[in-house]
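Here is the structure we will look at.
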Amino acid sequence: MPVESGSAAARQAKQKRKSHSLSIRRTNSTEQERSGLQRDMLEGQESKLPLSVRSNLLDLFSQIEREFENIYVENLELRREIETLNDRLAADGQVFEGADLAKGALKTKASHSTSQLSQKLKTTYKASTSKIVSSFKATTSRAVCQLVKEYVGHRDGIWDLSVTRTQPMVLGTASADHSAMLWSIETGKCLLKYMGHQGSVNSIKFHPTEQMALTASGDQTAHIWRYMVQLPTPQPVADISQTPCEEDVDFSDKDEADNEVEGPIDCPSVRVATTTLRSHQGVVIAADWLVGGKQVVTASWDRAANLYDVETSELVHSLTGHDQELTHCCTHPTQRLVVTSSRDTTFRLWDFRDPSIHSVNVFQGHTDTVTSAVFTVGDNVVSGSDDRTVKVWDLKNMRSPIATIRTDSAVNRISVSVNQKIIALPHDNRQVRLFDMSGVRLARLPRSNRQGHRRMVCCSAWCEDNTSCNLFTCGFDRQAIGWNINIPALLQEK
């Protein structure tokens with residue numbers, strides 16, 4: 001009996017294949033007759049296409065239609081087989097919900113196998129996944145970033161910003177609108193406007209002990225100018241809800257120039273510099289005070305960094321060696337050390353601690369323009385680059401970085417907090433991210449269509465002596481922003 005039933009099934013399958021082939025042949029013959037009729041109709045219709053092109057198109061569409069017909073015939077046969085199997089199962093007393101095997105039994109099998117695979121995956125990665133999720137929740141719940149104040153008044157992008165080291169505590173911004181401004185941190189009011197440059201103001205730094213500012217400009221000069229400001233009476237700060245740093249939604253990727261404020265700024269102005277430093281043959285992109293404030297260093301697109309005496313305004317040293325334009329310079333807070341960065345993918349450490357020996361070390365850790373390199377209070381240098389990385393270096397062993405931070409956008413002028421040792425990374429993609437010195441990401445500042453920067457973020461600066469704002473950022477949306485960052489020590493240790 002098994003043999004006879006098997007042969008009967010084979011004959012049945014053979015007859016089905018035969019009838020299937022006959023139906024296809026029948027379809028093909030019908031299609032040929034139809035295509036012949038359509039060609040005859042084409043000759044009688046008006047068209048700008050040549051007859052040969054129209055004929056080729058007709059052949060292609062006929063082939064597509066023929067394929068669909070074949071698939072349709074196969075589907076009909078499969079439906080018949082499914083109905084036959086369903087009838088047999090029903091006769092045996094195995095009834096499925098919906099009385100349809102295609103939607104019942106087959107779906108049940110698929111879901112059963114899928115659930116088994118899913119369970120294995122969950123079991124395998126349960127520990128690691130839960131660990132990642134729990135650490136992420138801890139970060140978002142503890143790291144709080146609050147936008148406190150916006151400083152609006154420049155008529156072009158802001159390249160750089162800095163905070164005074166002595167009282168009165170003010171914020172300084174350097175803009176492409178040829179001006180530098182001093183702001184009240186508490187009220188957001190402009191206190192003074194410096195208008196002595198003839199080009200874009202690319203950098204601003206304050207003297208460590210006196211009320212003097214150092215600005216670098218595209219007019220190939222650096223200016224030292226004195227300021228006297230009267231702080232206004234602090235106003236009550238608006239109640240701004242605290243925002244967990246990571247829980248932000250970027251609602252807008254479009255141009256938001258209509259929301260930018262260009263109103264006139266009524267504040268005193270200074271137009272004459274106390275000292276003008278000349279000798280560069282290109283744009284002066286950055287400048288900084290050496291420890292003690294008796295000398296300054298400038299970095300230029302002429303591939304050189306110059307060391308000047310403040311009192312005499314004379315050139316003391318010309319630091320050459322970079323192969324392309326310089327992008328930034330920074331001085332050590334307590335030692336006579338200077339670091340310069342360049343578009344040649346390197347940054348250089350200049351040592352002036354010994355008056356008779358001026359040593360230099362070259363570091364080649366990046367693959368694109370080094371946008372900035374800054375010192376920390378300890379023995380570290382942190383460098384950022386257009387290659388989307390930030391590297392932390394040890395001054396005692398600079399052969400390789402001790403930590404590397406990889407991001408999704410070019411990094412601009414970074415800053416490191418003195419007390420908490422947190423690195424603030426301003427990006428081209430309008431984001432600002434916070435990392436610790438080990439390269440662990442701590443937070444991302446909130447950014448939406450209601451708060452945050454709407455253009456490239458150019459610079460960041462910490463101010464931990466101020467209670468309301470301890471981080472400042474600026475960008476090409478013509479505004480600077482004051483933030484209050486609260487990251488507990490427990491989170492930093494993670």
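Glycine residues also receive a Cβ, built from the backbone N, Cα and C atoms like all the rest.
What you see is a predicted model, and the numbers here were worked out from it, not measured in a lab.
Marked as region 'Disordered' by TrEMBL: 1-40.
Among the features that TrEMBL reports, compositional bias 'Polar residues' is placed at 21-30.
The compositional bias 'Basic and acidic residues' annotation in TrEMBL covers 31-40.
Same-chain neighbours of the repeat 'WD' (151-193): 199-211, 213, 215-217, 227, 229-232, 234-235, 237, 261-263, 265-270, 286, 413, 455-456, 458-459, 461-463, 465-466, 468-469, 472-482, counting only residues six or more beyond its ends whose CB sits under 8 Å from a CB of the stretch. Among the features that TrEMBL reports, repeat 'WD' is placed at 151-193 (among others).
Across the repeat 'WD' (194-225), the prediction's mean pLDDT works out to 97. The feature repeat 'WD' is assigned by TrEMBL to 194-225 (among others).
Across the repeat 'WD' (277-318), DSSP helix (H, G, I), strand (E, B) and coil residues number 0 helix, 23 strand, 19 coil. Marked as repeat 'WD' by TrEMBL: 277-318 (among others).
The repeat 'WD' feature in TrEMBL is assigned to 319-360 (among others). Helix, strand and coil counts under DSSP for the repeat 'WD' (319-360) come to 0 helix, 26 strand, 16 coil.
Packing against the repeat 'WD' (363-403) from elsewhere in the chain are residues 327-328, 330-334, 337, 339-343, 345-349, 409-416, 418, 421, 423, 425, 435, 437-439: each is 6 or more residues past its ends and has a CB under 8 Å from a CB in it. Positions annotated as repeat 'WD' by TrEMBL: 363-403 (among others).
Secondary structure of the repeat 'WD' (363-403) per DSSP (helix as H, G, I; strand as E, B; remaining residues coil): 0 helix, 21 strand, 20 coil.
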